[in-house]
Amino acid sequence: MSFSALGLLPELVQAVTEQGYQTPSPIQAKAIPAILTGRDIMAAAQTGTGKTAGFTLPILHQLASNKSRSSANQVKVLVLTPTRELAAQVADNLSRYSQHLNIRSDVVFGGVKINPQMMRLRAGVEVLTATPGRLLDLYQQNAVKFDELEAVVLDEADRMLDMGFIRDIKKILALLPKQRQSLLFSATFSPEIRDLAKTLVKQPVEISVAQENTTAATIEHWLVAVDKKKKPALLDKLITEQQWSQVLVFTRTKHGANRLTRYLDGQGHKALAIHGNKSQGARTKALAQFKDKTIQVLVATDIAARGIDISQLPVVVNFELPNVQEDYVHRIGRTGRAGVDGEAISLVAADEYKQLVDIEHVIQQHIPRKEVDGFKPANPLDESRPIRPLKKKKPKKPKIAKTPEANHKSNVKTGKQAQSNTSEVRKEPKSQNKSDAKPKHAHKPSKGRKPNVKSADDKHKSGSSKNAETRPNKKGGKPNSASSSKQPSGSRSGTKGNNPYANSPQGKKSKPRKVNDSNNSSSN
């Protein structure tokens, strides 16, 4: 099947042919006709399968066929990506495929000044590729509007969820017109992705071209067991002996990427690092130099490498295995793209055995092992375990949201409980000791004074001066009983049996004070 057989415009077929593509990939052959019908799409496709062209080509076809242009600050098609590098890659593909069409496209992401982006959007664009955070910033500045939007694309939706963009995505979707075409592309159809799809697509066409977390058939991957401290020297040896023109190396940390870059530079290999601490300008420059082969080695962390699309990249090296098993598939997917053969090598130390077992379980195959002379590890790597079949993930039980009435009843109930509990605390305890009972002919004291009911011992011990009542005992114990009676009304005493309403006249039956409900209701 050819691209022209898919019903694409001649200008698009010409642009694709000029890029060196003759036949569509499986994801393109399934997605392009479905998108051209105007249906919503849910497509599962791994990295390197040609999914970007799978949605950019039909989008450009529809825009060119309608011949409609966006008004000031308006957008016809919005493409959302999780990373700046992927946004730049999608924008580059859009520019190449639309070179024979009168369609404007642009890209916006963070890490660079926002004012130039606002200026470019004034005239409006037909296709805007963006990262979620910067898009919301531009919307708040009234630099972009969605009144004329016709379609939205979520690229690598699984990565968006992993990176915590779900809130931003939901905010953006709430701003878009309800009448639109929605396209969702993801590496997996996890329960979380399906939950997101419910808010995005309507009666979608589901497309899947490969089993989840499988490596491309065009990639030969193998590993070398090596001691951790010898990894840099082994990488230097492989680059030199294999004469690789381009090598993409993955590390787990930013500092590790910097250290390895300095070492390779010292060994005579032109190398640069890209990671989150690098400015967007430095990252873009490093990628450009790697693409035009000005530098030989690009050392990257997982997040920074998302979206790197280099045609015919021969080799990917895992200097360290990723902590997340699925990232192994994303890493090696940078090579072997669009049907071109590629090679992926992992340098594995003994303390990375658990990561290796998890990766082999996820991809459902053992990674072949090879030995390199002079690098036999002092701490040998254990043999791989038998592959266990994957278990199907059970969908999460949906959380039942409380209705406003239920919340109101719950608040009322809680308030009553708090009131009753407080009342119980403030009620005068019933005396169980006969000596504590109120005498029948008690003298009625004047208002505001404590009734003078004391035993003979108390009268003997208490002094006549006011200071004596507030001074603690000589033995360092608790203050005298006269002192404790000076507590504010309603405060709880630490002594068992004390009356919380000590200032109430005993000639009358003391009533518990009313509890202020406002305190209880405010806490609910």
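Just so you know, glycine gets a Cβ as well, placed from its N, Cα and C.
Where the annotation comes from TrEMBL, it is an automatic prediction and has not been curated.
Annotation source TrEMBL lists compositional bias 'Basic residues' at 388-400 (among others).
For 412-423 (among others), the entry in TrEMBL reads compositional bias 'Polar residues'.
The feature compositional bias 'Basic and acidic residues' is assigned by TrEMBL to 424-439.
Residues or ranges marked as compositional bias 'Basic residues' in TrEMBL: 440-452 (among others).
The compositional bias 'Low complexity' annotation in TrEMBL covers 481-493.
Per TrEMBL, compositional bias 'Polar residues' is recorded for 494-507 (among others).
Residues 36, 43, 45, 49-51, 53-54, 57-58, 60-61, 64-65, 96-101, 207, 209, 311, 338-339 of the same chain sit 6 or more residues outside the domain 'DEAD-box RNA helicase Q' (1-29) yet have a Cβ under 8 Å from a Cβ within it. Positions annotated as domain 'DEAD-box RNA helicase Q' by TrEMBL: 1-29.
The domain 'Helicase ATP-binding' annotation in TrEMBL covers 32-207.
What TrEMBL records for 234-378 is domain 'Helicase C-terminal'. Mean model confidence for the domain 'Helicase C-terminal' (234-378) is a pLDDT of 88.
Among the features that TrEMBL reports, region 'Disordered' is placed at 370-524.
Residues in the motif 'Q motif' (1-29) partition by DSSP class (helix H, G, I; strand E, B; coil) as 16 helix, 0 strand, 13 coil. The motif 'Q motif' annotation in TrEMBL covers 1-29.
Secondary structure of the domain 'Helicase C-terminal' (234-378) per DSSP, as helix, strand and coil residue counts: 62 helix, 25 strand, 58 coil.
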